[in-house]
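Lifted from Swiss-Prot, the feature list:
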- 150: active site, proton acceptor (ACT_SITE)
- 9-33: NAD(+) binding site (BINDING)
- 137: substrate binding site (BINDING)
C-alpha cells in the first residue's frame, strides 16, 4: 500500500527492532507517526523527529496489558489525525517463568490492540481501510523447546493473524493483515537468557540455540519497514540472517461443507 501520506501507529516502537524500523518509517514521508510504548525515551523520539521534521511524531505511554490504556491511546490518535492507516503490533517479551505476563503482552495484548483498531480502520465504519502487521517470530512457525511459553504466544499470534486476514474480512473492511517473523536477532531478549527458559532442564538446548547465528536489529528493522511498504493481505514474512522472504504455510486441514 505504500507508507507515504499515511498515519502510522507503532506499538512497542522504542525496542531494538521496533526502533530500527521506526527510523526507516520516518524516511517514507508518512503523514503522522504515533509511537506507543510502556517506557518513554525522549532522546529516541527526538531523533526520530529529526529524520523528517515534516512528519509529526507523537509518543504515548502505553500499557498493552490494560484495556483502558489501549482504548485511550487509540482515541487520542483519532482525535489528533482522524484516521489510522497502518498499525504495527511489536510489543513482546521473553520470560517463560512468568507465563501470565508473557501471554498478556505477546498475545492477549496484541489481540486487544488489534480489536480496538479494527473498527477505527474499517472502511464501513470510521476508517478508510489500511494495514495491520503483527510481529510474531520464527518461533511462531517452528517449536522452541527451551522457550515453550514464548513459542506458544507466537504461535497464537500466527493463528490470530492468519484467521483475521481471511479474504472475507479483508473485502468487507479494507484492512489487510500480515505477519512478520524475525529470526534470532541481537536484542535484549537474549540478555540473562538462562533465567528465561521454560524448565531448569532447558539450559543445555537453550544455550545451544542461543549460540546460533543471529542478525543485527538494523537489518531486521529495515525488513519490517519494507514489509510495511509492500505487504499483501495474509502475507507471512521471515527476516532471518539478513534475508527477507515470504513463506507459504502448509495446509494440514480444510473443512468439508455439507
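Each Cβ is built from the backbone N, Cα and C atoms, and glycine gets one as well.
The structure, with features from Swiss-Prot marked on it.
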{"residue": "9", "record": "NAD(+) binding site", "contacts (Cβ under 8 Å, 6+ apart)": "34, 36, 74, 77, 84, 86, 87, 88, 117"}
{"residue": "13", "record": "NAD(+) binding site", "contacts (Cβ under 8 Å, 6+ apart)": "19, 21, 22, 35, 36, 37, 88, 90"}
{"residue": "17", "record": "NAD(+) binding site", "contacts (Cβ under 8 Å, 6+ apart)": "90, 135, 182, 185, 187, 217, 220, 221, 224"}
{"residue": "25", "record": "NAD(+) binding site", "contacts (Cβ under 8 Å, 6+ apart)": "3, 8, 10, 33, 225, 228"}
{"residue": "29", "record": "NAD(+) binding site", "contacts (Cβ under 8 Å, 6+ apart)": "3, 4, 5, 52, 54, 55"}
{"residue": "137", "record": "substrate binding site", "contacts (Cβ under 8 Å, 6+ apart)": "92, 150, 151, 154, 157, 181, 182"}
Item checked: Where residue 9 (NAD(+) binding site) falls in three-state DSSP terms -> strand
Next item on the list: Taking the Cβ of residue 150 (active site, proton acceptor) as the centre, count every other Cβ atom within 10 Å, in any protein chain shown.
Entry: 25
Check: Is residue 137 (substrate binding site) helix, strand or coil when read with DSSP?
Finding: coil
Margin query: According to DSSP, collapsed to three classes, what secondary structure does residue 29 (NAD(+) binding site) have?
Written below: coil
Margin query: DSSP secondary structure for residue 150 (active site, proton acceptor), reduced to helix/strand/coil, please.
Written below: helix
